[in-house]
Amino acid sequence: GFLIPYFIMLIVEGMPLLYMELAVGQRMRQGSIGAWKIISPYLCGVGVASVVVSFFLSMYYNVINAWAFWYLFHSFQDPLPWATCPLNSNRTGYEEECEKTSSTQYFWYRQTLNISPSLEVSGAVQWEQALCLTLAWLVVYLCILRGTESTGKLEQLSNPKTWISAATQIFFSLGLGFGSLIAFASYNEPSNNCERHAIIVSLINSATSIFASIVTFSIYGFKATFNYESCINKVILLLLNAFDLEEGSLTADNLNEMKDYLMATHPQEYAQLLPQLKNCSLEAELDTAVQGTGLAFIVYSEAIKNMEVSQLYSVLYFVMLLMLGIGSMLGNTAAILTPLTDSKVIATRFPKEVISGVVCFINCIIGLIFTMEAGNYWFDIFNDYAATLSLLLIVLVETIAVCYIYGLRRFEKDLHTMIGRKLNWYWKVMWAFASPLLIISLFIFYLTDYILTGTLQYQAWDGTQGQLVTKDYPGYALAVIGLLVASSTMCIPLGALVTFVRKRLKRERVSTVA
């Protein structure tokens, strides 16, 4: 159910928009702000919007690298600290919260995040996570100094969230709308074949994503099956002890029949035992999908702890995660730094090392919010709302600007000059019609989903139950969500308005002098 929208998004949005952004950057030889300003002075806000979205992403994304460092440092222990539940303070048993959930979830929610029960309880900054975040930003800064130039089910198709998720996956994995592609492409040789690169990168990216999803869901299926069988065994043991049944008389196959029999023959005893009997369901285990950061840190650590030489695989996995995360951060920061270094006002006064250091330092200080006890809830807010709607608007305006403001024929001539051959009909159809129409449809899907959802909610960790519970966002959180969306999307009309006012004032001054 997800793959069909995913491939449609890849063909209609992913490859065409990747090629377009690479071509714009390579042709204009500028970062996101300068490139769109060349196309039209009224489009300066598009580049600013891209920089704002990249800045928001940089603020929270490096926290993932901080968590990866945290897990990497703990990967050298034997046994792994998330392999078993820790003992309680009396050393007479395991921690109660861990017993109610699992050792991997306990390590994530309690020992890594030390998460608060709700967004309203902010808590203090976790100094271990703060140090890991500082280390992550230090690594990003050192990499920047080297320089960019050298370095389910089919009914899900009717669900707007499926299409929005597919678009988000394509946009984030390819980096569309952030300005990083334009920034990197501005360093290419003018004759570089960006068309070939767009196709190759898109296909490799999707193949990698699909391969990773196969591994991920295999692990998740194993985890769900393991939890289901553990639940069944606990229920069987509880019933055997409570009713003094013969060993082997109760199995997973006859469990439901035996529960009905015991309820009929021993109603009082069964009623007293009922609160302790869990309703074990494999389908329920599969439906309670771990999403986002939990997928990388809970599900994979669950699989790693059951492997031979688990420390080795843990180190390899989290080193790989760090490589991916640092690479993504370099793209995000390049989208911020390139427009700044392109600016003559800033570049003539400060060297690139200082500009890069200031950007990294500001992001690191703001990022400390995500290392608080309620930090993971703020992380989810930024992850869900800081970029999705903004990216849709940015890429829509970019497509319209290239095809109908700069001119598709003019852009086609530029591409012919750069790569030495005529533009294929596929790119023309996608840029001029299919991509904009699909983005507008996604806008409608997004707004429809928002209206139907009503009050926005989030998943909070309840330590007393050892599970996630759904809560409504408080008023101030809704205000932050509104500001995140407005601060980037409003850059586009405000940029056009400021340009219009400046031109109008300039004309008035000229006419006054004349």
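Placement of Cβ uses the backbone N, Cα and C atoms for every residue, glycine included.
The feature transmembrane segment is assigned by TrEMBL to 6-24 (among others).
Among the features that TrEMBL reports, transmembrane segment is placed at 36-61 (among others).
Summarising the annotation, TrEMBL assigns transmembrane segment to 163-187 (among others).
Counting Cβ atoms from all protein chains shown, Leu324 (Na(+) binding site) has 14 others lying within 10 Å of its own Cβ. What TrEMBL lists as Na(+) binding site is Ser173, Asn205, Leu324, Ser328.
Residues annotated as transmembrane segment in TrEMBL: 199-220 (among others). Residues 3, 6-7, 10, 14-15, 18-19, 169, 173-174, 286, 289-290, 295, 299-300, 302-303 of the same chain, all 6+ positions outside the transmembrane segment (199-220), place their C-beta atoms under 8 angstroms from a C-beta of that stretch.
What TrEMBL records for 315-337 (among others) is transmembrane segment.
Annotated transmembrane segment per TrEMBL: 358-379 (among others), in sequence order.
The transmembrane segment annotation in TrEMBL covers 385-408 (among others). Within the chain, the transmembrane segment (385-408) has long-range Cβ neighbours (under 8 A, six or more residues past its boundaries) at 13, 17, 20-21, 24, 36, 39-40, 43, 46, 49-50, 52-53, 56-57, 60, 164, 167-168, 171-172, 176-178, 428, 431-432, 435-436, 439-440, 442-443, 446, 481, 484-485, 488-489, 492.
Here TrEMBL flags 429-448 (among others) as transmembrane segment. Long-range contacts of the transmembrane segment (429-448) within the same chain: residues 8-9, 12-13, 15-17, 20, 160, 163-164, 167, 388-389, 392-393, 395-396, 399-400, 402-403, 408, each at least 6 residues beyond the stretch ends and with a Cβ under 8 Å from a Cβ of the stretch.
Non-local neighbours of the transmembrane segment (476-501) in the same chain are 41-46, 48-49, 52-53, 56, 119, 381-382, 385-387, 389-390, 393-394, 397, 456; each lies 6+ residues outside the stretch with a CB under 8 Å from one of its CB atoms. Look at TrEMBL and you will find 476-501 (among others) tagged as transmembrane segment.
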**Q.** Tertiary contacts of the transmembrane segment (36-61), as residues 6+ beyond its ends and Cβ separation under 8 Å
**A.** 24, 28, 30, 177-180, 182, 325, 328-329, 332-333, 335-336, 339, 359, 363, 366-367, 370, 378-379, 382-383, 386-387, 390-391, 393-394, 397-398, 401-402, 405-406, 484, 487-489, 491-496, 498-500, 503
Q. List, by number or range, the same-chain residues at least 6 past the transmembrane segment (315-337) whose CB is under 8 A from its CB atoms?
A. 31-32, 50-51, 54-55, 57-58, 61-62, 64-65, 68-69, 71-72, 75-76, 136, 139-140, 143-144, 148, 151, 175, 178-180, 182-184, 296, 300, 304, 352, 355-356, 359-360
Q) Excluding Ser173, Asn205, Leu324, Ser328 themselves, which residues in that chain have a Cβ inside 8 Å of the centre of the Cβ atoms defining the Na(+) site? A) Phe172, Leu174, Gly175, Thr208, Gly327
Q: Specify the count of other C-beta atoms within 10 Å of the C-beta of Asn205 (Na(+) binding site).
A: 18
Q | CB within-chain contacts under 8 A for Ser173 (Na(+) binding site), separation at least 6 | A | Asn205, Ser209
Q. 10 Å Cβ neighbour count around Ser328 (Na(+) binding site)?
A. 20
